[in-house]
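Novice: As annotated in Swiss-Prot:
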- Gly82, Asn113: anthranilate 1 binding site (BINDING)
- Gly82, 85-86, Thr90, 92-95, 110-118, Ser122: 5-phospho-alpha-D-ribose 1-diphosphate binding site (BINDING)
- Ser94, Glu227: Mg(2+) 1 binding site (BINDING)
- Arg168: anthranilate 2 binding site (BINDING)
- Asp226, Glu227: Mg(2+) 2 binding site (BINDING)
Amino acid sequence: MQAQPIHARLMNGEVLSQDDATAFMREVMSGDMSGVRMAAALAALRVRGETPEEIAGFAQAMRESAVTVKVRPRDVLMDVVGTGGDGAHTFNISTTTAFVLAGAGVPIAKHGNRAASSRAGSADVLEALGVNLDASPEVIQEAIDTLGVGFMFARNYHPALRHAAPVRSDLAARTVFNILGPLSNPAGATHLVVGVFRADLTRTLAEALRHLGAKGATVVYGDGLDEFTVCGPNTVSGLRDGEIIDRTMHPEEFGVDLHPKTAIVGGSPAENAEITHALLTGGGTPAQKDIVALNAGAALRTAGRVGTIREGVEQAREVMKGGQGWEMLQKYGALTKR
């Protein structure tokens, strides 16, 4: 008897192995799957909820189909990225954090896009800061290998996603694609801090990253934000040495004050670029400085560069005061325009 096609198995409630999930997504990425079959499968997954193995399999196929950035091997290559879709309209916290980390000497391969639910995504604000988003993969590779930082504009690195775009648009609802971007870094990031839009996703994505071979990861839901928040508790799943630990973290544990959500709201790309510039040159408001320091501190701990998040927060504050992150951003912007 002929085996059922994967989309039919999903519609029947079957859970896929990681290999079968990869096979399904390869068919999507190749353009060989009809829109009806794709929509049925995505809807079935949405209703049931994706397993870590399925998410890892889908992400593996996305990685295979991506344009890659062939950086030299290293022990740590970090991405700090959110799924987007939190609707909080904050300034560009993860983008600012990435350059603080680069200023602290952590190699960064940031992967991002234009705005999902805010007015300015990472690509929008970096463009406003003078970065050429369309720099070639070879230029990005050179930037990561020589400067220690690079930004990959997702649209340019995942051309096969065009095959899923019409169905995603027609469904007009979140699907597994909304969480795959952070898991599909074209440079092969080894360590990640991933922000998610629902608390129940932290463990799921940490397990998926373990299946994908990540050396270290921190997945966080920040009380309504897809990053660490300074406005309330953080739901965190941390992957270290193959073990995953779930916990709730409060900003005060790390020497960071609590602030209202209104204190971290952003605006247009130009307005957010001004905030990023201020923070990377020792300025910014207390809330802005605290939330970037907390996110950078957690990333420094994830990368193994400090023993505790509190130590990381203090190091991040020193980098912001010293302007090393801004220096990195200026050098990177110039390199992308060559």
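Note that the numbers count up from 1, one per residue, in the order the chain is shown.
Even glycines carry a Cβ here, placed using N, Cα and C.
So that I understand the layout, could you describe where these features sit and how close they are to other parts?
Specialist: A coil conformation is recorded for Asn113 (anthranilate 1 binding site) in the three-state DSSP classification, outside any helix or strand. All protein chains shown were included, and the count of other CB atoms within 10 Å of the CB of Asn113 (anthranilate 1 binding site) stands at 19.
The 10 Å shell around the Cβ of Glu227 (Mg(2+) 1 binding site) contains 27 further Cβ atoms across the protein chains shown.
Neighbours of Arg168 (anthranilate 2 binding site), defined as other CB atoms within 10 A of its CB across all chains, total 17.
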Novice: When you measure from the Cβ of Ser94 (5-phospho-alpha-D-ribose 1-diphosphate binding site), how many other Cβ atoms are you left with inside 10 Å?
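Specialist: Excluding its own Cβ, the number within 10 Å is 27.
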Novice: Can you tell me the CA-to-CA distance separating Asn113 (anthranilate 1 binding site) and Thr90 (5-phospho-alpha-D-ribose 1-diphosphate binding site), as a whole number of Å?
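Specialist: With the alpha carbons as reference points, the distance is 15 Å.
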Novice: Using a 10 angstroms cut-off on Cβ to Cβ distances, just flag whichever of His111, Arg114 is the loneliest among these binding-site residues.
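Specialist: It is Arg114 that, of the binding-site residues His111, Arg114, has the fewest other Cβ atoms within 10 Å.
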Novice: Return only the integer: C-alpha distance in Å from Thr90 (5-phospho-alpha-D-ribose 1-diphosphate binding site) to Asp226 (Mg(2+) 2 binding site).
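Specialist: Given the Cα positions, Thr90 (5-phospho-alpha-D-ribose 1-diphosphate binding site) is 10 Å from Asp226 (Mg(2+) 2 binding site).
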Novice: Cα distance, Gly82 (anthranilate 1 binding site) to Asp226 (Mg(2+) 2 binding site), nearest Å?
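Specialist: It is 5 Å, counting Cα to Cα.
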Novice: When DSSP is mapped onto helix/strand/coil, what comes out for Arg168 (anthranilate 2 binding site)?
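Specialist: Looking at the DSSP assignment, Arg168 (anthranilate 2 binding site) belongs to a helix.
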